[in-house]
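The following features are taken from TrEMBL:
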type	residues	note
ACT_SITE	Cys268	active site, nucleophile
BINDING	Asp30, Lys35, Thr88, Thr123, Glu160, Lys271, Arg336	NAD(+) binding site
BINDING	Phe157, Leu158, Arg159, Glu160, Lys212, Phe257, Leu258, Tyr259, Pro260, Gly261, Gly265, Lys329	substrate binding site
DOMAIN	322-429	domain 'UDP-glucose/GDP-mannose dehydrogenase C-terminal'
Amino acid sequence: MKLAMIGVGYVGLVTGACFAQTGHEVICMDIDSKKIEGLRKNEIEIPIYEPGLKDYVKLNVAAGRLSFTTDLNQAVSQSQVIFICVGTPSREDGSADLRYVYEVARSVGQTMQEYKIVVDKSTVPVGTAARVRQLIAKELARRGTNLTFDVVSNPEFLREGSAIDDFMRPDRIVVGVESPEAERIMQELYKPWTDGKFELFVMEVPSAEMTKYAANSFLATKISFINEIANLCALTGANIKSVQKGMGSDKRIGPHFLYPGLGYGGSCFPKDVKALVYIAQTLAYNFKILEATEIVNQAQRHRFILEITRYFQNNLEGKKLALWGLAFKPETDDIREAPSLTIIERLLEMGAELSVHDPEAMKEVQFYFRKHANRDRITYADLPEAALPKAEALIINTEWEVYKNAELNLIKSRMKNPVVFDGRNIYDPAKMREMGFTYFFVG
Ligand SMILES: NC(=O)c1ccc[n+]([C@@H]2O[C@H](COP(=O)([O-])OP(=O)(O)OC[C@H]3O[C@@H](n4cnc5c(N)ncnc54)[C@H](O)[C@@H]3O)[C@@H](O)[C@H]2O)c1
(Lines of atoms letter the chains of each structure in order from A and count residues from 1; the text may use other names and numbers.)
(Lines give C-alpha, C1' and ligand atoms only; values in the text may rest on other atoms or scores of the structure.)
Protein backbone atom coordinates (compact mmCIF):
# COMPACT_ATOMS: atom_id res chain seq x y z
CA MET A 1 0.00 0.00 0.00
CA LYS A 2 1.23 3.56 -0.66
CA LEU A 3 1.42 5.67 2.50
CA ALA A 4 2.45 9.20 3.47
CA MET A 5 3.67 10.30 6.90
CA ILE A 6 3.21 14.03 7.44
CA GLY A 7 5.59 15.06 10.22
CA VAL A 8 8.88 13.22 10.62
CA GLY A 9 9.33 13.31 14.40
CA TYR A 10 9.50 10.37 16.80
CA VAL A 11 6.12 9.05 15.67
CA GLY A 12 6.23 9.86 11.94
CA LEU A 13 9.71 8.47 11.34
CA VAL A 14 9.22 5.32 13.39
CA THR A 15 5.77 4.66 11.88
CA GLY A 16 7.09 5.27 8.35
CA ALA A 17 10.12 3.02 8.81
CA CYS A 18 8.04 0.23 10.41
CA PHE A 19 5.34 0.26 7.72
CA ALA A 20 8.09 0.19 5.08
CA GLN A 21 9.67 -2.76 6.88
CA THR A 22 6.45 -4.75 6.37
CA GLY A 23 6.46 -4.04 2.63
CA HIS A 24 4.41 -0.85 2.32
CA GLU A 25 5.74 2.00 0.19
CA VAL A 26 6.16 5.07 2.39
CA ILE A 27 6.94 8.71 1.71
CA CYS A 28 7.73 10.87 4.76
CA MET A 29 7.12 14.61 4.51
CA ASP A 30 8.19 17.41 6.87
CA ILE A 31 8.34 21.20 6.66
CA ASP A 32 11.73 21.08 8.39
CA SER A 33 14.00 21.02 5.34
CA LYS A 34 17.15 20.43 7.39
CA LYS A 35 15.67 17.24 8.80
CA ILE A 36 14.66 16.01 5.36
CA GLU A 37 18.05 16.92 3.83
CA GLY A 38 19.79 14.83 6.52
CA LEU A 39 17.50 11.88 5.89
CA ARG A 40 18.14 12.09 2.15
CA LYS A 41 21.94 12.06 2.47
CA ASN A 42 23.91 9.01 1.39
CA GLU A 43 25.14 8.63 4.94
CA ILE A 44 21.62 9.01 6.38
CA GLU A 45 21.38 11.40 9.36
CA ILE A 46 18.64 10.37 11.80
CA PRO A 47 17.39 13.49 13.60
CA ILE A 48 16.61 11.68 16.87
CA TYR A 49 18.20 8.98 18.98
CA GLU A 50 16.01 5.89 18.94
CA PRO A 51 17.55 2.39 19.23
CA GLY A 52 17.31 0.39 15.99
CA LEU A 53 15.75 3.20 13.96
CA LYS A 54 18.77 3.95 11.80
CA ASP A 55 19.01 0.32 10.62
CA TYR A 56 15.33 0.26 9.68
CA VAL A 57 15.58 3.56 7.81
CA LYS A 58 18.74 2.54 5.94
CA LEU A 59 17.39 -0.86 4.98
CA ASN A 60 14.11 0.47 3.63
CA VAL A 61 15.63 3.45 1.81
CA ALA A 62 18.01 1.00 0.10
CA ALA A 63 15.06 -1.25 -0.79
CA GLY A 64 13.27 1.73 -2.35
CA ARG A 65 10.32 1.49 0.03
CA LEU A 66 11.07 4.62 2.09
CA SER A 67 11.65 8.15 0.81
CA PHE A 68 11.63 11.71 2.14
CA THR A 69 10.32 15.01 0.85
CA THR A 70 9.36 18.54 1.87
CA ASP A 71 6.72 18.61 -0.85
CA LEU A 72 3.27 17.92 0.61
CA ASN A 73 1.71 17.80 -2.85
CA GLN A 74 4.03 14.97 -3.87
CA ALA A 75 3.40 13.06 -0.62
CA VAL A 76 -0.39 13.37 -0.98
CA SER A 77 -0.62 12.64 -4.68
CA GLN A 78 1.36 9.42 -4.53
CA SER A 79 -0.32 7.97 -1.40
CA GLN A 80 -3.60 6.24 -0.69
CA VAL A 81 -3.40 6.72 3.09
CA ILE A 82 -2.06 9.92 4.66
CA PHE A 83 -0.98 9.85 8.29
CA ILE A 84 -0.93 13.11 10.25
CA CYS A 85 1.99 12.74 12.69
CA VAL A 86 2.69 16.36 13.61
CA GLY A 87 3.12 17.67 17.16
CA THR A 88 0.18 18.63 19.38
CA PRO A 89 1.94 20.60 22.15
CA SER A 90 0.30 22.13 25.22
CA ARG A 91 -1.05 25.63 25.10
CA GLU A 92 -0.68 27.92 28.09
CA ASP A 93 -4.14 26.85 29.38
CA GLY A 94 -3.30 23.14 29.08
CA SER A 95 -5.32 22.50 25.93
CA ALA A 96 -3.75 20.69 22.97
CA ASP A 97 -2.52 23.07 20.29
CA LEU A 98 -4.00 21.59 17.12
CA ARG A 99 -2.84 24.18 14.65
CA TYR A 100 -0.31 21.87 12.96
CA VAL A 101 -2.90 19.12 12.56
CA TYR A 102 -5.38 21.57 11.03
CA GLU A 103 -2.72 23.06 8.76
CA VAL A 104 -2.05 19.60 7.33
CA ALA A 105 -5.80 18.89 6.97
CA ARG A 106 -6.27 22.10 4.95
CA SER A 107 -3.26 21.33 2.76
CA VAL A 108 -4.58 17.83 2.07
CA GLY A 109 -7.94 19.33 1.05
CA GLN A 110 -6.15 21.76 -1.25
CA THR A 111 -4.06 19.12 -3.01
CA MET A 112 -5.89 15.76 -3.14
CA GLN A 113 -7.06 14.61 -6.57
CA GLU A 114 -8.77 11.31 -5.71
CA TYR A 115 -10.24 9.35 -2.75
CA LYS A 116 -7.88 9.39 0.24
CA ILE A 117 -7.88 8.13 3.79
CA VAL A 118 -6.57 10.71 6.24
CA VAL A 119 -5.41 9.19 9.53
CA ASP A 120 -4.92 11.14 12.76
CA LYS A 121 -1.94 9.45 14.37
CA SER A 122 -1.04 12.45 16.51
CA THR A 123 -2.61 12.46 19.98
CA VAL A 124 -5.70 14.63 19.63
CA PRO A 125 -8.83 15.36 21.71
CA VAL A 126 -12.22 13.91 20.94
CA GLY A 127 -13.76 15.84 18.07
CA THR A 128 -10.50 16.47 16.19
CA ALA A 129 -11.22 13.94 13.44
CA ALA A 130 -14.59 15.60 12.91
CA ARG A 131 -12.87 18.99 12.62
CA VAL A 132 -10.26 17.56 10.22
CA ARG A 133 -13.13 16.21 8.10
CA GLN A 134 -14.78 19.66 8.07
CA LEU A 135 -11.56 21.44 7.09
CA ILE A 136 -10.83 19.07 4.21
CA ALA A 137 -14.46 19.29 3.00
CA LYS A 138 -14.29 23.08 3.08
CA GLU A 139 -11.16 23.13 0.90
CA LEU A 140 -12.73 20.67 -1.54
CA ALA A 141 -15.89 22.78 -1.73
CA ARG A 142 -13.74 25.85 -2.40
CA ARG A 143 -12.15 23.97 -5.30
CA GLY A 144 -15.61 22.95 -6.54
CA THR A 145 -14.86 19.22 -6.43
CA ASN A 146 -16.96 16.46 -4.90
CA LEU A 147 -14.08 14.08 -4.14
CA THR A 148 -14.75 11.64 -1.31
CA PHE A 149 -12.41 10.86 1.58
CA ASP A 150 -12.40 9.22 5.01
CA VAL A 151 -10.92 10.39 8.28
CA VAL A 152 -9.64 7.72 10.67
CA SER A 153 -8.28 7.91 14.21
CA ASN A 154 -5.33 5.60 14.81
CA PRO A 155 -3.58 6.77 17.99
CA GLU A 156 -0.01 5.68 18.57
CA PHE A 157 1.12 3.96 21.78
CA LEU A 158 4.87 3.60 21.12
CA ARG A 159 7.33 4.62 23.82
CA GLU A 160 10.49 6.54 23.03
CA GLY A 161 13.47 4.29 23.73
CA SER A 162 11.66 1.14 22.57
CA ALA A 163 9.63 2.67 19.75
CA ILE A 164 10.51 0.14 17.05
CA ASP A 165 9.70 -2.83 19.22
CA ASP A 166 6.50 -1.21 20.49
CA PHE A 167 5.36 -0.50 16.95
CA MET A 168 6.26 -3.92 15.56
CA ARG A 169 4.93 -5.86 18.56
CA PRO A 170 2.11 -3.72 19.94
CA ASP A 171 -0.14 -4.67 22.86
CA ARG A 172 -2.99 -3.61 20.58
CA ILE A 173 -3.79 -1.42 17.59
CA VAL A 174 -6.69 0.99 17.97
CA VAL A 175 -8.56 2.20 14.92
CA GLY A 176 -11.57 4.53 14.93
CA VAL A 177 -13.50 4.50 11.64
CA GLU A 178 -16.66 5.95 10.15
CA SER A 179 -17.09 3.82 7.04
CA PRO A 180 -16.75 0.15 5.98
CA GLU A 181 -14.29 1.18 3.25
CA ALA A 182 -12.00 2.90 5.77
CA GLU A 183 -12.21 -0.16 8.02
CA ARG A 184 -11.33 -2.48 5.13
CA ILE A 185 -8.27 -0.42 4.17
CA MET A 186 -7.04 -0.13 7.77
CA GLN A 187 -7.44 -3.92 8.20
CA GLU A 188 -5.41 -4.46 5.04
CA LEU A 189 -2.74 -1.98 6.16
CA TYR A 190 -2.26 -3.75 9.48
CA LYS A 191 -2.56 -7.28 8.04
CA PRO A 192 1.10 -8.09 8.76
CA TRP A 193 0.28 -7.42 12.43
CA THR A 194 -3.09 -9.16 12.63
CA ASP A 195 -1.56 -12.15 10.78
CA GLY A 196 1.04 -12.16 13.53
CA LYS A 197 -1.81 -12.36 16.08
CA PHE A 198 -1.53 -8.77 17.30
CA GLU A 199 -5.01 -7.46 18.05
CA LEU A 200 -6.63 -4.64 16.15
CA PHE A 201 -9.64 -3.04 17.82
CA VAL A 202 -12.05 -1.25 15.52
CA MET A 203 -14.21 1.31 17.29
CA GLU A 204 -16.00 4.64 16.93
CA VAL A 205 -13.73 7.60 16.13
CA PRO A 206 -14.35 9.48 19.43
CA SER A 207 -13.64 6.30 21.41
CA ALA A 208 -10.30 5.84 19.64
CA GLU A 209 -9.39 9.45 20.35
CA MET A 210 -10.32 9.06 24.02
CA THR A 211 -8.51 5.71 24.41
CA LYS A 212 -5.13 7.35 23.90
CA TYR A 213 -5.70 10.05 26.54
CA ALA A 214 -7.20 7.52 28.94
CA ALA A 215 -4.19 5.19 28.59
CA ASN A 216 -1.55 7.90 29.04
CA SER A 217 -3.40 9.55 31.91
CA PHE A 218 -3.78 6.23 33.72
CA LEU A 219 -0.05 5.48 33.42
CA ALA A 220 0.82 8.98 34.63
CA THR A 221 -1.53 8.47 37.59
CA LYS A 222 0.19 5.19 38.43
CA ILE A 223 3.53 7.03 38.58
CA SER A 224 2.16 9.78 40.82
CA PHE A 225 0.50 7.17 43.03
CA ILE A 226 3.71 5.24 43.64
CA ASN A 227 5.53 8.52 44.29
CA GLU A 228 3.04 9.36 47.02
CA ILE A 229 3.46 5.86 48.50
CA ALA A 230 7.25 6.36 48.41
CA ASN A 231 6.96 9.68 50.24
CA LEU A 232 4.81 7.98 52.85
CA CYS A 233 7.32 5.12 53.14
CA ALA A 234 10.00 7.68 53.98
CA LEU A 235 7.83 9.04 56.78
CA THR A 236 6.74 5.68 58.19
CA GLY A 237 9.93 3.66 57.87
CA ALA A 238 8.47 1.22 55.31
CA ASN A 239 10.83 0.16 52.51
CA ILE A 240 9.53 1.35 49.14
CA LYS A 241 11.41 -1.37 47.23
CA SER A 242 9.64 -4.09 49.23
CA VAL A 243 6.30 -2.33 48.90
CA GLN A 244 6.83 -1.97 45.14
CA LYS A 245 7.49 -5.71 44.84
CA GLY A 246 4.58 -6.64 47.04
CA MET A 247 2.21 -4.40 45.15
CA GLY A 248 3.43 -4.92 41.60
CA SER A 249 3.30 -8.73 41.79
CA ASP A 250 -0.49 -8.48 42.09
CA LYS A 251 -1.68 -9.28 38.55
CA ARG A 252 -4.46 -6.74 38.87
CA ILE A 253 -1.86 -4.00 39.46
CA GLY A 254 1.23 -5.14 37.54
CA PRO A 255 4.84 -4.01 38.06
CA HIS A 256 5.03 -1.47 35.23
CA PHE A 257 5.04 2.28 35.90
CA LEU A 258 5.39 1.54 39.59
CA TYR A 259 8.85 3.06 39.98
CA PRO A 260 9.13 6.00 42.36
CA GLY A 261 11.39 8.83 41.33
CA LEU A 262 11.37 12.37 40.03
CA GLY A 263 8.06 11.90 38.24
CA TYR A 264 7.15 11.70 34.60
CA GLY A 265 8.39 14.03 31.87
CA GLY A 266 8.69 13.83 28.10
CA SER A 267 6.54 15.04 25.28
CA CYS A 268 3.46 12.94 26.08
CA PHE A 269 2.37 12.39 29.69
CA PRO A 270 2.61 16.01 30.88
CA LYS A 271 0.77 17.43 27.89
CA ASP A 272 -1.80 14.63 27.63
CA VAL A 273 -2.69 14.84 31.33
CA LYS A 274 -3.09 18.62 31.03
CA ALA A 275 -5.16 18.25 27.87
CA LEU A 276 -7.56 15.75 29.45
CA VAL A 277 -7.97 17.95 32.53
CA TYR A 278 -8.72 20.84 30.17
CA ILE A 279 -11.21 18.81 28.13
CA ALA A 280 -13.01 17.84 31.35
CA GLN A 281 -13.08 21.48 32.51
CA THR A 282 -14.63 22.65 29.26
CA LEU A 283 -17.43 20.15 29.92
CA ALA A 284 -17.84 21.40 33.50
CA TYR A 285 -16.46 18.09 34.77
CA ASN A 286 -13.89 18.17 37.54
CA PHE A 287 -11.40 15.34 36.89
CA LYS A 288 -10.01 15.38 40.43
CA ILE A 289 -7.68 12.36 40.23
CA LEU A 290 -5.96 13.71 37.16
CA GLU A 291 -5.56 17.20 38.56
CA ALA A 292 -3.86 15.62 41.58
CA THR A 293 -1.66 13.48 39.31
CA GLU A 294 -0.18 16.61 37.76
CA ILE A 295 0.25 18.41 41.10
CA VAL A 296 2.00 15.40 42.65
CA ASN A 297 4.23 15.10 39.62
CA GLN A 298 5.45 18.68 39.86
CA ALA A 299 5.86 18.45 43.63
CA GLN A 300 8.08 15.38 43.31
CA ARG A 301 10.97 17.18 41.63
CA HIS A 302 10.68 20.09 44.07
CA ARG A 303 10.86 17.69 47.04
CA PHE A 304 14.08 16.36 45.60
CA ILE A 305 15.54 19.85 45.13
CA LEU A 306 14.55 20.66 48.70
CA GLU A 307 16.38 17.58 49.95
CA ILE A 308 19.54 18.71 48.15
CA THR A 309 19.35 22.32 49.35
CA ARG A 310 18.55 21.22 52.91
CA TYR A 311 21.65 19.02 52.93
CA PHE A 312 23.76 22.02 51.92
CA GLN A 313 21.96 24.21 54.48
CA ASN A 314 20.55 26.38 51.71
CA ASN A 315 24.00 27.46 50.67
CA LEU A 316 24.91 26.21 47.21
CA GLU A 317 27.05 29.19 46.25
CA GLY A 318 30.14 27.86 44.46
CA LYS A 319 29.32 24.23 45.34
CA LYS A 320 30.46 21.80 42.68
CA LEU A 321 27.83 19.18 41.89
CA ALA A 322 27.86 16.32 39.38
CA LEU A 323 24.63 15.44 37.54
CA TRP A 324 24.06 12.14 35.77
CA GLY A 325 21.14 11.87 33.37
CA LEU A 326 19.47 14.68 31.46
CA ALA A 327 16.99 12.92 29.16
CA PHE A 328 13.50 12.49 30.61
CA LYS A 329 14.06 8.73 30.59
CA PRO A 330 16.77 6.31 29.42
CA GLU A 331 17.32 5.33 25.78
CA THR A 332 16.21 8.65 24.36
CA ASP A 333 17.69 12.08 23.70
CA ASP A 334 14.33 13.75 24.39
CA ILE A 335 14.54 16.40 27.15
CA ARG A 336 11.03 17.84 26.77
CA GLU A 337 9.62 18.39 30.30
CA ALA A 338 12.58 16.47 31.77
CA PRO A 339 12.89 16.85 35.57
CA SER A 340 16.64 17.43 35.06
CA LEU A 341 15.92 20.84 33.50
CA THR A 342 13.97 22.08 36.55
CA ILE A 343 16.69 20.74 38.85
CA ILE A 344 19.53 22.34 36.86
CA GLU A 345 17.76 25.71 36.71
CA ARG A 346 17.13 25.77 40.45
CA LEU A 347 20.68 24.70 41.35
CA LEU A 348 22.16 27.34 39.02
CA GLU A 349 19.88 29.94 40.56
CA MET A 350 21.31 29.03 43.96
CA GLY A 351 24.89 29.50 42.73
CA ALA A 352 26.00 25.88 42.17
CA GLU A 353 28.52 24.81 39.55
CA LEU A 354 27.39 21.79 37.61
CA SER A 355 29.22 19.11 35.74
CA VAL A 356 26.65 17.12 33.77
CA HIS A 357 26.58 13.93 31.73
CA ASP A 358 24.07 12.05 29.62
CA PRO A 359 24.80 9.32 27.05
CA GLU A 360 22.54 10.90 24.39
CA ALA A 361 20.98 14.21 25.44
CA MET A 362 23.99 16.51 25.96
CA LYS A 363 23.57 18.40 22.68
CA GLU A 364 19.91 19.05 23.43
CA VAL A 365 20.67 20.38 26.92
CA GLN A 366 23.51 22.55 25.64
CA PHE A 367 21.07 24.04 23.14
CA TYR A 368 18.35 24.46 25.80
CA PHE A 369 20.67 26.45 28.08
CA ARG A 370 22.48 28.31 25.27
CA LYS A 371 21.05 31.69 26.33
CA HIS A 372 20.79 31.06 30.07
CA ALA A 373 22.49 33.75 32.16
CA ASN A 374 24.41 31.10 34.14
CA ARG A 375 25.23 28.76 31.26
CA ASP A 376 28.96 29.18 31.98
CA ARG A 377 28.46 27.35 35.25
CA ILE A 378 27.52 24.15 33.42
CA THR A 379 30.29 21.95 32.08
CA TYR A 380 29.54 18.97 29.87
CA ALA A 381 31.46 15.80 30.73
CA ASP A 382 32.09 13.31 27.94
CA LEU A 383 32.04 10.34 30.33
CA PRO A 384 30.08 9.78 33.57
CA GLU A 385 33.26 9.61 35.65
CA ALA A 386 34.57 12.83 34.10
CA ALA A 387 31.73 14.71 35.84
CA LEU A 388 32.86 13.54 39.30
CA PRO A 389 36.20 15.20 40.23
CA LYS A 390 35.75 17.79 43.03
CA ALA A 391 32.01 17.08 43.22
CA GLU A 392 30.48 17.56 46.64
CA ALA A 393 27.49 15.49 45.61
CA LEU A 394 26.29 13.37 42.70
CA ILE A 395 22.70 13.85 41.56
CA ILE A 396 21.05 11.12 39.47
CA ASN A 397 18.12 12.19 37.28
CA THR A 398 17.81 9.40 34.71
CA GLU A 399 18.21 5.66 35.19
CA TRP A 400 20.52 4.89 32.25
CA GLU A 401 22.10 1.39 32.44
CA VAL A 402 25.59 2.91 32.40
CA TYR A 403 24.84 4.61 35.74
CA LYS A 404 23.24 1.53 37.23
CA ASN A 405 26.36 -0.47 36.39
CA ALA A 406 28.85 2.20 37.49
CA GLU A 407 31.72 1.06 39.71
CA LEU A 408 30.73 2.43 43.11
CA ASN A 409 34.33 2.47 44.39
CA LEU A 410 35.33 4.55 41.42
CA ILE A 411 32.52 7.02 42.06
CA LYS A 412 33.62 7.35 45.68
CA SER A 413 37.29 7.78 44.87
CA ARG A 414 36.67 10.48 42.26
CA MET A 415 34.34 12.68 44.29
CA LYS A 416 35.29 15.23 46.90
CA ASN A 417 32.52 13.98 49.19
CA PRO A 418 30.71 10.65 48.71
CA VAL A 419 27.19 12.06 48.73
CA VAL A 420 24.59 10.75 46.27
CA PHE A 421 21.09 12.08 45.66
CA ASP A 422 19.47 9.33 43.67
CA GLY A 423 16.27 10.51 42.01
CA ARG A 424 15.64 7.11 40.41
CA ASN A 425 16.48 4.63 43.18
CA ILE A 426 19.08 2.79 41.12
CA TYR A 427 21.37 1.69 43.97
CA ASP A 428 20.88 -0.47 47.03
CA PRO A 429 20.66 1.83 50.09
CA ALA A 430 22.22 -0.74 52.46
CA LYS A 431 25.20 -1.29 50.16
CA MET A 432 25.67 2.44 49.65
CA ARG A 433 25.72 3.06 53.40
CA GLU A 434 28.07 0.14 53.94
CA MET A 435 30.47 1.66 51.38
CA GLY A 436 30.46 4.96 53.23
CA PHE A 437 28.17 6.96 50.98
CA THR A 438 25.69 9.46 52.32
CA TYR A 439 22.83 8.23 50.18
CA PHE A 440 19.48 9.89 49.57
CA PHE A 441 16.78 8.16 47.54
CA VAL A 442 13.06 8.51 46.89
CA GLY A 443 11.08 6.72 49.58
N1 LIG B 1 6.94 10.97 21.05
C2 LIG B 1 6.22 9.97 21.50
O3 LIG B 1 6.70 9.11 22.24
C4 LIG B 1 4.78 9.82 21.10
C5 LIG B 1 4.12 8.60 21.32
C6 LIG B 1 2.78 8.47 20.96
C7 LIG B 1 2.11 9.55 20.41
N8 LIG B 1 2.76 10.74 20.23
C9 LIG B 1 2.01 11.86 19.63
O10 LIG B 1 2.36 11.95 18.26
C11 LIG B 1 2.41 13.31 17.83
C12 LIG B 1 3.78 13.66 17.28
O13 LIG B 1 4.72 13.52 18.33
P14 LIG B 1 6.30 13.51 18.05
O15 LIG B 1 6.94 13.27 19.36
O16 LIG B 1 6.59 12.60 16.90
O17 LIG B 1 6.51 15.03 17.60
P18 LIG B 1 7.84 15.73 17.08
O19 LIG B 1 7.81 17.09 17.62
O20 LIG B 1 9.01 14.85 17.34
O21 LIG B 1 7.63 15.78 15.50
C22 LIG B 1 6.65 16.52 14.86
C23 LIG B 1 7.13 16.84 13.44
O24 LIG B 1 6.06 17.46 12.72
C25 LIG B 1 6.64 18.41 11.84
N26 LIG B 1 5.60 19.33 11.37
C27 LIG B 1 4.98 20.34 12.04
N28 LIG B 1 4.07 20.95 11.24
C29 LIG B 1 4.11 20.32 10.04
C30 LIG B 1 3.43 20.47 8.82
N31 LIG B 1 2.49 21.41 8.66
N32 LIG B 1 3.73 19.66 7.80
C33 LIG B 1 4.67 18.71 7.94
N34 LIG B 1 5.37 18.50 9.08
C35 LIG B 1 5.10 19.29 10.12
C36 LIG B 1 7.72 19.05 12.68
O37 LIG B 1 8.67 19.73 11.88
C38 LIG B 1 8.30 17.83 13.39
O39 LIG B 1 9.37 17.27 12.67
C40 LIG B 1 2.00 14.13 19.07
O41 LIG B 1 0.63 14.35 19.03
C42 LIG B 1 2.34 13.20 20.22
O43 LIG B 1 1.57 13.45 21.36
C44 LIG B 1 4.07 10.89 20.55
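Here, residue 1 is simply the first one shown, and the rest follow in order.
Using the three backbone atoms N, Cα and C, a Cβ is placed for every residue, glycine included.
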Average pLDDT across the domain 'UDP-glucose/GDP-mannose dehydrogenase C-terminal' (322-429), rounded to a whole number: 97
Those binding-site residues, out of Phe157, Arg159, Pro260, Gly265, that come within 10 angstroms of Lys271 (NAD(+) binding site) at the Cα: Gly265
Recorded substrate binding residues, Phe157, Leu158, Arg159, Glu160, Lys212, Phe257, Leu258, Tyr259, Pro260, Gly261, Gly265, Lys329 - maximal Cα separation rounded to whole Å: 24
Least surrounded among the recorded positions, given as Leu258, Cys268, when other CB atoms within 10 Å are counted: Leu258
Rounded Cα separation (Å) that holds between Thr123 (NAD(+) binding site) and Phe157 (substrate binding site): 9
Least Cβ-crowded entry, counting other Cβ within 10 Å, from the binding-site residues listed as Lys35, Arg159, Lys212, Lys271: Arg159
Neighbouring recorded positions, C-alpha within 10 angstroms of Arg336 (NAD(+) binding site) - of Phe157, Arg159, Lys212, Leu258, Pro260, Cys268: Cys268
The domain 'UDP-glucose/GDP-mannose dehydrogenase C-terminal' (322-429): DSSP-derived helix, strand, coil residue counts: 37 helix, 19 strand, 52 coil
Fewest-neighbour residue among binding-site residues, criterion Cβ within 10 Å, set Thr123, Arg336: Arg336
Lys212 (substrate binding site) versus recorded positions Asp30, Lys35, Thr88, Glu160, Cys268 - nearest by Cα: Cys268
Nearest of the recorded positions (Asp30, Lys35, Thr88, Cys268) to Arg159 (substrate binding site), judged by Cα-Cα distance: Cys268
Cα-Cα distance maximum in Å, computed over every pair in Asp30, Lys35, Thr88, Thr123, Glu160, Lys271, Arg336 that the record assigns to NAD(+): 24
